[in-house]
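One structure is given below, encoded as structure tokens.
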Amino acid sequence: KEGYLVNHSTGCKYECFKLGDNDYCLRECRQQYGKGAGGYCYAFGCWCTHLYEQAVVWPLPKKTCN
């Protein structure tokens, strides 16, 4: 599974500005989803890869980004 990293309290994606390989996105994806996750910046949001199937990614149901 893969998808955008989401802030559970706001419902917003984690923003990034350096597209492609991005240390910030990689670190944040691994912190939230574990060491096996990958991450890079895609369309100005942190995109996480190699996630477990139950991983929660953006968009959150019933929670819009404010």
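Each residue, glycine too, has its Cβ placed from N, Cα and C.
Annotation source Swiss-Prot lists disulfide bond at CYS12-CYS65 (among others), citing sequence analysis. Under a cutoff of 8 A between CB atoms, and with a sequence separation of 6+ in the same chain, the neighbours of CYS65 (disulfide bond) are THR10, GLY11, CYS12, LYS13. Reduced to three states, the DSSP call for CYS65 (disulfide bond) is coil.
What Swiss-Prot lists as disulfide bond is CYS16-CYS41 (among others). Under the DSSP three-state reduction, CYS41 (disulfide bond) is assigned to strand. Note on CYS41 (disulfide bond): other Cβ atoms within 10 Å of its Cβ, all shown chains, come to 21.
Residues or ranges marked as disulfide bond in Swiss-Prot (evidence: sequence analysis): CYS25-CYS46 (among others). The Cβ of CYS25 (disulfide bond) lies under 8 Å from the Cβ of LEU5, TYR14, CYS16, GLY39, TYR40, CYS41, CYS46, TRP47, CYS48, each of which sits 6+ residues away along the same chain.
If you take the C-beta of CYS29 (disulfide bond) and look for same-chain residues 6 or more apart in sequence within under 8 angstroms, you find LEU5, ALA37, GLY38, GLY39, CYS46, CYS48, THR49. Under the DSSP three-state reduction, CYS29 (disulfide bond) is assigned to helix. Residues annotated as disulfide bond in Swiss-Prot, with sequence analysis given as evidence: CYS29-CYS48 (among others).
According to Swiss-Prot, the domain 'LCN-type CS-alpha/beta' annotation covers 1-66.
Here Swiss-Prot flags ASN66 as asparagine amide, drawing on similarity to another entry. If you draw a 10 Å sphere around the CB of ASN66 (asparagine amide), it holds 6 other CB atoms from the protein chains shown.
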Quiz prompt | disulfide-bonded residues compared (CYS12, CYS16, CYS48) - highest count of Cβ atoms within 10 Å | solution = CYS48
